[in-house]
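Novice: Here's a structure for you.
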Amino acid sequence: MSIENKNTGVKKVVLAYSGGLDTSAIIPWLKENYDNCEIIAFCADVGQGEEELVGLTEKALASGASECHIVDLKEEFVKDYIYPTMATGAIYEGTYLLGTSMARPIIAKAQVEVARKVGADALCHGCTGKGNDQVRFEGCFAALAPDLKVIAPWREWTMQSREDLLDYLAERNIKTSASATKIYSRDANAFHISHEGGELEDPWNEPSKGVWTLTADPEDAPNQPEYVSLEVENGRVTKVNGEALTPYAALMKLNAIAAPHGVGRIDITENRLVGMKSRGCYETPGGTVMFAALRAIEELVLDKTSRTWREQVGAQMAHLVYDGRWFTPLCKSLLAASESLAESVNGGVVVKLYKGHAIAVKKRSPNSLYSEAFATFGEDQVYDQKHAEGFIRLYSLASRIRALNAK
């Protein structure tokens with residue numbers, strides 16, 4: 001279970017700690033394999049739920065950590081990571097709103113800040129060697145703290161399964177709520193919760209009802225729709241049903257409203273950064289409503305070329321966030337450019353929630369480029385349809401010349 005040569009160079013390490021099976025095993029493993037190394041547990045509160053934090057400090061100390069730092073990042077996470085990313089229109093492979101991916105840079109940044117505060121010379125994470133998160137965390141560490149050593153136990157130890165980890169903890173009399181029967185790997189934050197593993201590893205299996213934990217089954221959702229109104233300023237949701245709210249509070253309220261209607265469920269097979277495909281089920285109720293509202297206002301206020309540019313930026317931004325490249329010059333540039341475009345994304349939207357769907361049914365904006373007078377199919381006084389003839393001749397000129405040359 002250990003590495004061959006015990007390390008004596010690392011004096012103090014900050015571990016990204018959740019209290020789950022993996023990180024519970026990492027603390028004693030570090031003590032056994034890194035001589036005289038002090039272990040500082042760090043937990044980022046990104047809205048995963050109070051139940052995940054209860055007793056966490058005591059558990060970390062009982063496992064062998066000397067300190068446990070729980071840092072409240074909820075408001076910062078929504079304000080400085082979720083809102084700016086959504087303003088770019090980022091959505092990975094057409095469906096994934098990047099709930100897990102967006103959380104990694106803020107967690108890594110806070111972990112580095114704790115390391116600097118306590119004078120640590122190493123950072124440690126519990127990401128597996130098959131997943132995206134190892135790249136995301138270590139990419140952020142490289143950008144923020146290239147001088148600190150990174151320890152990745154899953155790439156060092158010989159344990160290969162949940163059963164191995166459970167046996168390892170049992171041998172050391174370390175208690176854990178994990179068990180071999182808990183088959184799903186879950187990751188939660190204020191924006192979403194992800195589910196992987198178990199029967200989901202076979203794409204021919206429909207997800208069982210036990211997979212989903214945050215949203216109602218659309219089949220069991222209310223038979224009557226619910227309407228929710230959102231006010232948007234500069235591409236940010238500022239009010240929900242007329243109530244002015246902070247970014248985090250707005251997201252929480254939308255989660256509570258949308259989840260009972262089964263909104264925000266997706267079941268996707270995505271291309272991981274490390275080359276393999278993986279299947280995940282994601283629940284993003286409030287974020288799905290926000291995304292629908294922002295897109296609705298963009299339809300009103302962005303001209304054709306601006307909207308095309310925003311879609312291109314959104315696609316590029318989705319890959320940057322998914323691939324762990326938040327702290328890069330390109331990401332910074334795309335965020336800044338999107339802020340300029342978001343200055344016109346203002347207005348109100350009413351979203352209809354019904355059995356898994358979130359549909360924008362009303363929208364208005366003081367910056368709207370839509371004119372009923374110009375768009376009407378009835379008799380109008382502001383648009384001379386004869387003007388279209390000259391435009392069409394110029395627009396199709398290249399095609400006309402090509403056809404004439406071909407004769």
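Cβ coordinates come from backbone N, Cα and C, glycine included.
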Novice: In Swiss-Prot, the residues Y96, S101, N132, R136, S185, S194, Y282 are said to bind L-citrulline. Which of E206, E270 is said to bind at that same site?
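Specialist: Between E206, E270, Swiss-Prot records just one in the L-citrulline site with Y96, S101, N132, R136, S185, S194, Y282, namely E270.
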Novice: Going by the ATP site in Swiss-Prot, where A16, Y17, S18, G19, G20, L21, D22, T23, S24, A44 are listed, which of the candidates G94, G99, G119, G126 is also part of it?
Specialist: G126
Novice: Can you check which residues sit near Y282 (L-citrulline binding site), meaning Cβ under 8 Å from its Cβ, same chain, 6 or more apart in sequence, and list them in order?
Specialist: Y96, L97, G99, H192, I193, S194, H195, G264, R265, I266, I268
Novice: C-alpha of S18 (ATP binding site) to C-alpha of S185 (L-citrulline binding site): distance in Å?
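Specialist: Approximately 13 Å lies between the Cα of S18 (ATP binding site) and that of S185 (L-citrulline binding site).
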Novice: Considering only the binding-site residues S101, N132, D133, R136, S185, which residue has the minimal Cα-Cα separation from S24 (ATP binding site)?
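Specialist: Result: the closest of the binding-site residues to S24 (ATP binding site) is S185.
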Novice: Based on the record's binding annotation for L-citrulline (Y96, S101, N132, R136, S185, S194, E270, Y282), what whole-number value in Å is the widest Cα to Cα distance?
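Specialist: The two farthest binding residues have Cα atoms 19 Å apart.
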